[in-house]
Amino acid sequence: MTKYIFVTGGVVSSIGKGIVAASLGRLLKNRGLKVTIQKFDPYINIDPGTMSPYQHGEVYVTDDGAETDLDLGHYERFIDINLNKYSNVTTGKIYSEVLRKERKGEYLGATVQVIPHITDALKDKIKRAATTTDSDVVITEVGGTVGDIESLPFLEALRQMKADVGSDNVMYIHTTLLPYLKAAGEMKTKPTQHSVKELRGLGIQPNMLVIRTEEPAGQGIKNKLAQFCDVAPEAVIESLDVEHIYQVPLNMQAQGMDQIVCDHLKLNAPAADMTEWSAMVDKVLNLKKTTKIALVGKYVELHDAYLSVVEALKHSGLANDTAIDIDWVNANDLTAENVASRLADADGIIVPGGFGQRGTEGKIQAIRYARENDVPMLGVCLGMQLTCIEFARHVLHLDGANSAELDPETQYPIIDIMRDQIDIEDMGGTLRLGLYPCKLKPGSKAAAAYGNQEVVQRRHRHRYEFNTKFREQFEAEGFVFSGVSPDNRLMEVVELPDKKFFVAAQYHPEYHSRPNHAEELYSAFVTAAVENAK
């Protein structure tokens, strides 16, 4: 029988529910259990695919092409699993599906209501997360905080799950803030008590509290919360601020969190062996060397817009025994006049993805600087497309070369829309999304990075492609297409072999990076940056 764990939040948002859920997932996986995890987002958007990165941070793409919340990146990196489209559910997605069924007459003329139709659809997503992965445990995080109007159908669905599958198969974990008032010199439990009261008013009694705090709470505070919130004292778990998020699973294990969960759910599983994870964390905290990477982006004010890129760089730093110092460079501010001085201190330059015109000329200046000064450079998605445009302008001398996305009237559309996308007007869900194979060119830097594999599979999120009409011109000047689709129609990876490392990929390598296994192309880039720093 599959077990279901529901993680809710109270008092404030952004309290770290996702890290708590991911940490628990890692602990249960290391006990030998098969775990999957999902995020419920109560907003009305179908998915975050068309949301501004300033609103929501990065869009995380799964193998099957779902555009999802950035928390899924945490889940995959912590637990080292690949999730699917059932791992991110929004209000908009649920209502869209229910309304589509209503229009088709699938409800046989019934009055369609929040209960049972919306709640049943939500429960179906929870159960499908289990059946599509054959998991022992499903962990579901609900976004927002208890008391939000938009969360009510989600919490009702969670309440009903207990009756549907039995109390021994369901566990509710509530994450709250335990504020510390410096003036009074004490921690305040009332916000947590009121949050639990609100949750109980909706029919959910939490089985465990996870309290986010800056200072150790002490047993007295835990006993007080246990008494007034009706949970066992040992089931009040501290989530202290830490130097690195990968410390959290170890802190949770030290407090017996995973054992309490297993006892409640009657899971007979051996203790989690966290030796490898602990060694990784110890290494992260004791790196002596630092490598400076300039990240040239258009959303650099919000670092979460590049969360997976940053994590992949850190993982690659770990693989190369170096800490990564990210220099956040706003592409909008880069010009031909200031690019050399702005990037002079960089050991390596990364140009990540993005959409739209803003900042593209600055990114092109950064790419040109990297090429002309032989600074290791990695381009990703739009970064790959702009790498091609920069080469066309300054090496092939195709003045005005551009992407048809950025300049529909360009004489040289180096990047053009995919043929099957020409008549599509909707923006959402119309990209090339998900896992696709890439055939690597033997002897190339890309092939070397991937251990000379013939084919790798990586996730994509883009609409435009390199225009193969220009391929021969590029190759005549030493530009190598080192990764292509198996049918040779789509250009996936490009590089200049005479440079230390000048490689760009149309796909998003960062989605495959894990703390205990850095993504290979990122790792090769950081290796080159480390060498460049010497």
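In case you wondered, yes, glycine gets a Cβ from its N, Cα and C as well.
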**Request:** For the UTP site, Swiss-Prot lists Ser13, Lys188, Thr189, Lys190, Pro191, Thr192, Gln193; sort out which one of Lys127, Lys222, Lys224 goes with them.
**Result:** Lys224
**Prompt:** Among Gly25, Gly354, Gly434, which residue does Swiss-Prot annotate as binding L-glutamine together with Tyr54, Leu382, Gly383, Met384, Gln385, Glu405, Arg463?
**Reply:** Gly354
**Message:** Given that Swiss-Prot assigns Ser14, Ile15, Gly16, Lys17, Gly18, Ile19 to the ATP site, pick the one from Asp71, Asp80, Asp120, Asp124 that the record assigns to that site as well.
**Reply:** Asp71
**Item:** Residue from Ile149, Lys188, Lys190, Thr192, His508 whose C-alpha is spatially nearest that of Gly18 (ATP binding site), among the recorded positions
**Value:** Thr192
**Prompt:** With the ATP site defined by Ser14, Ile15, Gly16, Lys17, Gly18, Ile19, Asp71, which remaining residues of that chain have Cβ atoms positioned within 8 Å of the Cβ centroid?
**Reply:** Gly9, Val20, Ala21, Glu141, Thr175
**Request:** Please give the greatest C-alpha separation between any two of the CTP-binding residues Ser13, Asp148, Ile149, Glu150, Lys188, Thr189, Lys190, Pro191, Thr192, Gln193, Lys224, in angstrom, as a whole number.
**Result:** 31
**Message:** Just to verify a number: CA distance, Thr192 (CTP binding site) to Gly16 (ATP binding site), in angstrom, no decimals.
**Reply:** 15
**Message:** For the C-alpha pair, I'd like the distance in angstrom between Ile19 (ATP binding site) and His508 (active site), rounded off.
**Reply:** 23
**Item:** Cα separation, Glu141 (Mg(2+) binding site) to Ile15 (ATP binding site) (Å, whole number)
**Value:** 12
**Message:** Cβ neighbours within 10 Å, counted over all protein chains: which one of the binding-site residues Lys17, Lys188, Lys224 has the most?
**Reply:** Lys17
